[in-house]
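Straight from Swiss-Prot, the features:
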type: BINDING; residues: Tyr18; note: (2R,3E)-phycocyanobilin 1 binding site
type: BINDING; residues: Lys28, Asn35, Asp39, Pro154, Gly156, Cys158; note: (2R,3E)-phycocyanobilin 2 binding site
type: BINDING; residues: Cys50, Asp54, Cys61, Arg129, Gln148, Lys149; note: 15,16-dihydrobiliverdin binding site
type: BINDING; residues: Arg77, Cys82, Arg84, Asp85; note: (2R,3E)-phycocyanobilin 3 binding site
Amino acid sequence: MLDAFSKVITSADGKAAYVGGADLQALKKFVSDGNKRMDAVNAIVSNASCIVSDAVSGMVCENPALIAPNGGVYSNRKMAACLRDAEIILRYVSYSLLSGDSSVLEDRCLNGLKETYASLGVPAAGNARAVAIMKATVNGFINNTAQQKKLSTPAGDCSALASEAGGYFDKVSSALA
């Protein structure tokens, strides 16, 4: 996993150059937005169980066949696995948002995800829908538009962070497609 600083240093070192110019400005912006970034991650982490359960519930409500016999999440064991997997995805998205880099998500979560689900007979469409619901919910928490929130969320314009988080969820959706 490379954070924003490691990426810039690795790039500059590869060119045998000093860190400067646009790279330095990008790091300054990353640092100045650090509190917003941490508040956004805190909003996700503090509401993780609700985000995950709402996403899985929404997926099931839209496709009740999933909980019918032989459905993708029929049985307590399969439902528990579904909730666990959604929680893992959300956790790695939060890691990526905190570090400003998607490599931890790609390396530790998405690598082989589609093949694993296919081998287990888990329907990809349902997973993709749960990810889309999580993306929308996280967007609401980061942009401070979530209804009935319990905790304060990031102050100021956080649209860039919401867009960044959305990009991480898009990577998950692409990996499942």
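The backbone N, Cα and C atoms fix where each Cβ goes, and this holds for glycine too.
Other than Arg77, Cys82, Arg84, Asp85, the residues of this chain whose Cβ falls within 8 Å of the Cβ centroid of the (2R,3E)-phycocyanobilin 3 site are, in sequence order, Val73, Lys78, Met79, Ala80, Ala81, Leu83, Ala86.
The shortest Cα-Cα distance from Cys61 (15,16-dihydrobiliverdin binding site) to any of the binding-site residues (Lys28, Cys82, Arg84) is found for Cys82. The Cβ neighbour count for Arg84 ((2R,3E)-phycocyanobilin 3 binding site), using a 10 Å radius over every protein chain in view, is 11.
Less than 8 angstroms from the CB of Asp54 (15,16-dihydrobiliverdin binding site) sit Ile133, Thr137, each of them six or more residues away in the same chain. Put simply, Cys50 is the one of the binding-site residues Tyr18, Cys50, Arg84, Arg129 whose Cα lies nearest to the Cα of Cys158 ((2R,3E)-phycocyanobilin 2 binding site). Counting every protein chain shown, 21 other Cβ atoms lie within 10 Å of the Cβ of Asp39 ((2R,3E)-phycocyanobilin 2 binding site). Its Cβ taken as reference, Asp85 ((2R,3E)-phycocyanobilin 3 binding site) is surrounded by 19 other Cβ atoms within 10 Å in the chains shown.
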